[in-house]
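Chemist: This is the structure I want to talk about, given as structure tokens.
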Amino acid sequence: MASYPKITALFLLAIAMMLGASNAQLSATFYSKTCPNVSNIITSVLQTAQGNDIWIFPKLIRLHFHDCFVNGCDASLLLNGTNSEKTETPNLSTDGYGVIDDIKTALEKACPRVVSCADILALAAQLSVSLSGGPKWTVPLGRRDSRAPHKEKIGNIPSGHESLATIKSLFKSFGFDSTDLVALSGVHTFGRAQCAAFTDRLYNFNNTGKPDPILNATYLTSLKSQCPQGGSPTSLIDLDEQTALSFDNKYFLNLQQRRGLLQTDQELFSTAGADTIALVNKFASSQSQFFSSFSKAMIKMGNLNPLTGTNGEIRLDCKKIN
């Protein structure tokens, strides 16, 4: 009889360990023993990729955003198949999947069955920013990959046409405050957008038959020449006219000059009485404050509903479940 309490205690300890494994926290040192060179390996692949495609860095961070906003950072975006998230409207213009596959191949050679595709997206996003002149931050790791896509939640991805009230409500639902919203929006300091994402602002804003009155007149003329009526909706336009390949704070200076390309961008500065105006001004005057806030917000975004411990899996091929 005396042994029963001891057995019970051991049983409860085992259960606690199992629960702990399935609810493990992300950690910056997660791969320190199992794949210590993970960042160096990814950096090497990214540098090669950048030699083939100068726009690859903004493309890759966009994949991380679009993955995390749909049911959390679980690499569900990368899955192919009939229910793939890739085929939904917000993701039709995404790119860079081949580079993610190249990273996975390199990591499988060095550290087989260790590094998840979700962590690859998070690390590739951070390295893409820092390699473009932006901030470095320590990425918490240990995410695992989902076993299914989540196309039913694809509506969580902003379209670029929302009002500030709508976009603030969406971000708040994820636990982001106004500082996070403005900082994360600053990712549009590099990269490009298709004409289809903003042509309504040029010709028929809010069904008025007229351009968005907020748009800088000179900028409007320039955009109309690049995206004429009846032109290709998939033509790509730099998000920042001057430094579209560099991660800097020029995005916020553009907003002050009414040269924000997407509606959701410009409304951060042009919505009367909004608390985001002061934040745009702060980041426009201090790149270091922008970098600091962006890093914190990226860590917060990377922590959205990750699969950890024994949940999900470590995909051997990011395009399909094991």
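For all residues, glycine too, the Cβ spot is worked out from N, Cα and C.
TrEMBL labels come from automatic prediction, so no person has curated them.
Copying in the features that TrEMBL gives for the protein in this structure:
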- 1-24: signal peptide (SIGNAL)
- 25-322: domain 'Plant heme peroxidase family profile' (DOMAIN)
- His66: active site, proton acceptor (ACT_SITE)
- Asp67, Val70, Gly72, Asp74, Ser76, Glu85: Ca(2+) 1 binding site (BINDING)
- Pro158: substrate binding site (BINDING)
- His188: heme b binding site (BINDING)
Chemist: Quick one: of Asp74, Pro158, His188, which binding-site residues lie within 10 angstroms of His66 (active site, proton acceptor), measuring between C-alpha atoms? Sequence order, please.
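Modeler: For His66 (active site, proton acceptor), the binding-site residues whose Cα atoms are within 10 Å come to Pro158.
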Chemist: How many neighbouring Cβ atoms, not counting its own, are there within 10 Å of the Cβ of Pro158 (substrate binding site)?
Modeler: 18
Chemist: Can you list the residues of the same chain, besides Asp67, Val70, Gly72, Asp74, Ser76, Glu85, whose Cβ falls within 8 Å of the Ca(2+) 1 site's Cβ centroid?
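Modeler: Filtered neighbour residues, in order: His66, Cys68, Phe69, Asn71, Cys73, Ala75, Leu77, Ser146, Pro149, His150, Lys153.
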Chemist: Can you give me the Cα-Cα distance between Asp74 (Ca(2+) 1 binding site) and Pro158 (substrate binding site) in Å, rounded to a whole number?
Modeler: 19
Chemist: Compute the C-alpha separation of the residue listed as 'substrate binding site' from Val70 (Ca(2+) 1 binding site), stating it in Å without decimals.
Modeler: 11
Chemist: Between the Cα atoms of Asp67 (Ca(2+) 1 binding site) and His188 (heme b binding site), find the distance and write it as a whole number of Å.
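Modeler: It is 17 Å, counting Cα to Cα.
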Chemist: Can you tell me how far the Cα of Glu85 (Ca(2+) 1 binding site) sits from the Cα of His188 (heme b binding site), in Å?
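Modeler: On Cα coordinates alone, these residues lie 22 Å apart.
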Chemist: Taking only the residues in the domain 'Plant heme peroxidase family profile' (25-322), give me the average pLDDT of this model.
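Modeler: Mean pLDDT for the domain 'Plant heme peroxidase family profile' (25-322): 97.
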